[in-house]
């Protein structure tokens, strides 16, 4: 596989984190995992040169029900419009600030499916941005740096378990589906990649906790991950009786599962509300 940054007459731009998927076997495997169906409401983040876009449109789109896509590179937008016409509705802009809820169908039921080969330089902030739209999302299928996927699905007690693990596992059921080697891209990235499936927990499955408070507690816990929680969460002792909560502070952040972090966040929020 060539290391050239040019593919199909387009130069991949480092500032957009562009690595174009060119392995048709991998593309077929991704489409098989997504299983797009005619008439579904779906949006692709960063369609690039349309390697995944084309096969998905073939299974999903009609003139009255197009595939949606969010693309920042205006050079690519023109090419995509010319290639796919009314079967693709393009939204020019940055996925980090895009309102994905605007694409969902009106109503209380989840209606939106999100897919994409996410730019690796913004993957974590983009995943956090997407959390706010989880109530309208059916599922998400993303190509990401393998190291990020491993952190997303990591279990407590492992080195990969992180703030990202806790916050995303609180909101989604996630499965790593496919390993993707660097040579599947043009230009090849310097890291391995993987496909992950993310399905939001149903509302009745979500713990009653303020996500902002949970995020605050988890961020504090992982701020110095090699230190004991008595150091990183010590500032909450005025609000939380950790002994009564059955929460052992003589542990490190990566040793604590999602449920325990939720209990601490609930206690913090309750103490603030009553104080």
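Using the three backbone atoms N, Cα and C, a Cβ is placed for every residue, glycine included.
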- Query: Which candidate from 39, 46, 50, 157 does Swiss-Prot annotate alongside 19, 21, 71, 94, 117 at the S-adenosyl-L-methionine binding site?
  - Reply: 46
- Which residue, of the binding-site residues 71, 94, has its CB surrounded by the fewest other CB atoms within 10 A? 94
- Note on the structure: If you count the other CB atoms within 10 A of the CB of residue 21 (S-adenosyl-L-methionine binding site), including all protein chains displayed, you should get 20
- Task: Could you check what DSSP calls residue 21 (S-adenosyl-L-methionine binding site) once collapsed to helix, strand or coil?
- Result: strand
